[in-house]
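According to TrEMBL, the feature domain 'SAM-dependent MTase RsmB/NOP-type' maps to 1-321. For 149, 202, the entry in TrEMBL reads S-adenosyl-L-methionine binding site. Positions annotated as active site, nucleophile by TrEMBL: 255.
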């Protein structure tokens with residue numbers, strides 16, 4: 001896994017099917033820009049032509065270029081065919097006919113199983129790539145997506161991004177997701193629960209799964225980030241579940257490998273909902289998807305701040321005299337020292353006693 005994280009992230013993009021240019025762009029990427037593999041390279045890195053992402057359900061809608069962004073953009077200054085392809089991407093991204101979106105970022109929306117006519121909430125929508133993907137899947141028919149973000153500046157940017165596509169199926173709101181008020185019904189009454197057919201709960205996270213595109217995370221990451229974010233993530237998930245109609249689907253997603261931000265949040269959500277929610281088999285929604293089942297066992301770590309590690313980083317043992325004091329792992333909550341129990345390390349961060357939950 002570490003070897004993979006050290007390689008550049010492939011360039012990915014998705015066509016906006018609401019745009020007038022979608023069919024022409026499919027032909028351009030599928031024919032015109034299919035230069036010979038191995039014909040061009042930049043500093044030893046092969047520049048590949050675009051290829052459709054095979055598991056994306058809409059044919060020739062999502063595309064991937066199997067080289068990093070830097071090599072791709074720099075090679076555009078050297079080779080005419082690559083330059084034309086690169087210029088086409090930039091132009092149609094600006095016009096709203098293309099959305100730059102990583103392949104893995106497309107998965108949460110696909111797992112929502114969006115259908116025309118549904119009411120959908122995107123709780124933490126900025127920068128908006130998943131929202132535009134939802135709009136495409138609604139197919140311009142009856143239905144709507146509420147794109148929410150708690151930050152005013154990000155909400156304004158969201159409006160700008162969506163205006164390049166279409167706003168007829170979208171509403172932008174600005175509210176903390178965990179305090180989202182609900183929807184008004186046809187009689188003008190505010191309904192605070194059970195109002196959406198689908199909820200996308202793509203929560204703020206430590207982002208340690210994005211190392212391929214943001215190498216600075218190696219310097220800034222520390223073990224306490226997941227612990228700090230746990231409450232916010234759980235509150236967002238709980239509110240999302242309460243807004244979901246009976247029989248609806250919610251997808252909880254992060255960009256993190258940390259089980260404290262992933263499995264622990266989902267396990268506590270299931271426990272608090274007391275049977276009202278169940279986990280759905282993803283393979284039934286997206287056949288062919290390669291995935292690993294969630295963990296049922298993990299440890300909770302804590303690292304004290306010190307002269308050597310002001311942010312709680314994991315560092316080499318030779319740098320400190322008492323590694324045990326600085327860095328501790330706990331298998332169960334009862335092992336946690338009293339001074340760390342409560343706000344810093346919570347019982348809900350540990351694996352549930354019933355792994356089948």
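Using the three backbone atoms N, Cα and C, a Cβ is placed for every residue, glycine included.
Once Cβ contacts within 10 Å are tallied over all protein chains shown, the binding-site residues 149, 202 are led by 149. Applying an 8 A CB threshold to same-chain residues 6+ apart, the list for residue 255 (active site, nucleophile) reads 205, 207, 208, 209, 210. Residue 202 (S-adenosyl-L-methionine binding site) falls within a strand segment according to DSSP. Averaged across the domain 'SAM-dependent MTase RsmB/NOP-type' (1-321), pLDDT in this predicted model comes to 90.
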